[in-house]
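Worksheet: one structure, shown below.
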Amino acid sequence: MADVMIMKDIEATAFRLGLDLSSIDLDSIHLPPSDDCGIPSDDEDVYEEDNPEFDSGFGNVIVVDNVPIVPMEKFEKLETVIRKIYSQVGDIKENGLWMPLSSDSTKTLGYCFIEFNTPQEAELAKKETQGYRLDRSHIFSVTMFDEFDKFMKVPDQWAPSESKPYAPGENLQNWLTDAKARDQFVIRAGSDTEVLWNDARHLKPDPVYKRSFWTESFVQWSPLGTYLATVHRQGAQVWGGATAFDRLMRYAHPQVKLIDFSPGEKYLITYSSHEPSNPRDINRVVVNIFNVRTGKVMRDFKGIADDFTVGGAGGVTGVSWPVFKWSGGTDDKYFARMGKNVLSVYETDTFSLVDKKSLKVENIMDFSWSPTDPIIALYVPEMGGGNQPARVSLIQIPGKEELRQKNLFSVSDCKMYWQSNGDYLAVNVDRYTKTKKSTYTGFELFRIKERDIPIEVLELENKNDKIIAFAWEPKGHRFAIIHGDNPKPDVSIYSMRTAQNTGRVSKLTTLKGKQANALYWSPTGRFIVLAGLKGFNGQLEFYNVDELETMATAEHFMATDVEWDPTGRYVATSVTSVHEMENGFNIWSFSGKHLYRVLKDHFFQFLWRPRPPSFLSAEKEEEIAKSLKKYSKKYEAEDQDVSAMLSEQERERRRKLKEEWDKWVSEWKGLHEEEKLQRQNLRDGEASDEEEEYEAKDIQVEEVINVTEEVEVEHAQERTKA
């Protein structure tokens, strides 16, 4: 019967595709041997495990032991007590509480099963009620139902685990030793994910690794470029290498939606949210922190969505991501999150609160870490109808000492921007006018590394200008602002120190009327791209801040993203699937020269692979910069060789095109000669094909297109009367 059904399916598919099965010899079709038809699975390592684990379907069931043994007359009362305890943790399904009875049905057996709506609720119930003291004699012992099978497989006698010989893996930093000093990037288009070298010398990308259905939503590089993370329904995975990209670790987290790495790549944070089937139920959020190398869960955080919103404010269903913000540097020592009127700072040595308590900050609205030091900048808005001013405070961790505080009055909004070295903090403050009908903008500039942390106030020439974008120069002392209310705003560039005055901010220049709404500094400073995205249709201006001059202007129509490579040599602009047309990316030099373009349908992501910090000291980098001419001769010679090779390739390409053209012309001339007799017959014996032997005559042909006859009845009647 099964064979008949399969044949019917084949016939139906053939009919749908318009194939005639009678013309196909099915017996001549031979599939490759073995069960996988010669196609190896990506998950062979799963099948090679001795005891692969499968979802039993009982992940939402817990077993509660040490429940009182009571007679039947007290059964209902005990059931009510247990239901009341566990209903506070999660929603128990209808008929989801079951207490087994003795064989003679006279008393309970001292344990019960509880089924919740979701596995997350069951896990939370286990965590919250493990060791719950019902009375002096009954302390609950809670176990997940799925764990019983694992306990039953524990052997009666201990045996040492089998040791495996050490097999060295691939050097995960090997890609940094590329002889051509190229950078890698990853793209996602359609169902394919590709890693490629940026081979700018040859004006094209060089493929490294390609895989279909590598991720189910997005990919993400780790901050130092060691790992590439993929996201799946069962959890996240990380991959690494220069060319092979082997899977290094799995992180089990069902229905994971978002991921984030700590700055030093030691930890991976995953996030999921569960939407209950009952609309009246509260959304539940699960956040796990994994050790990247071992895959072990170091700590998890569970609760309702409102617990993970900005400031922990009630009534908000959206979750702010990342939930946790990490302290600066690569030691990954501290991370923090906001709650309602508290700032919770955790240390990774124990994954517990610093000093075992949160920092109480009434009405805290925002905070951010210094990129290099354990210093937190936090913002608190006005309270008491303006009687208590807003403030920005700098807090030293772990001592929780307040280093500096600035009170702000009549504040409408506040945004904080750290410079990449942690030398400066810019606070963009929107203030109300005296009438409260409008706002104006100013900046509070903190000099973090100077004594007593002096603060300087910066106001724009037109205080009513709207701030569209702000960006610090990486590793530098300059910053740029896009401001104005006109369709073409202005761009102003400032410096925190100049040759004449190292202690005061000064304006370097203002560029009037620019089609720009985003700023992109080179990672090495000096150069900046003024980009006009969205409504400006991809206008680009490459600007040299040292010389205060425009190097080039260009356009990438409908561009949605701009990203510098980690060395500051190249810029990538891309059009993602937000637009239906022109999907793909362009690569430009730092000075704005267009190098090459790649078009991809359904283009989703372009990400440069980050580089770890250089091991060279600042003095050594300065020495290399001074001796650049000595090093540049070698690379100039290589560039000339590549240019000559490209020229030769272009000449070869043109030569082949000419040969193909000559061959095509020759073939048609031969065909023309073969058909000469046929043309002669068509011309009543005239054999010549030369145009000058023909006489051109103009012949006029008159043709009646239409004849219309009209009868004037009124005039005919008048003549009749007359």
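Quick reminder: no glycine exception, Cβ is built from N, Cα and C everywhere.
Note that the structure is predicted; figures quoted are calculated from it, not measured.
Per TrEMBL, compositional bias 'Basic and acidic residues' is recorded for 676-686. What TrEMBL records for 60-147 is domain 'RRM'. The annotation region 'Disordered' is assigned in TrEMBL to 676-698.
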Number of helical, extended and coil residues in the compositional bias 'Basic and acidic residues' (676-686), per DSSP:
7 helix, 0 strand, 4 coil
Averaged pLDDT, computed only over the residues in the domain 'RRM' (60-147):
91
What does DSSP give as the helix, strand and coil breakdown of the domain 'RRM' (60-147)?
28 helix, 31 strand, 29 coil
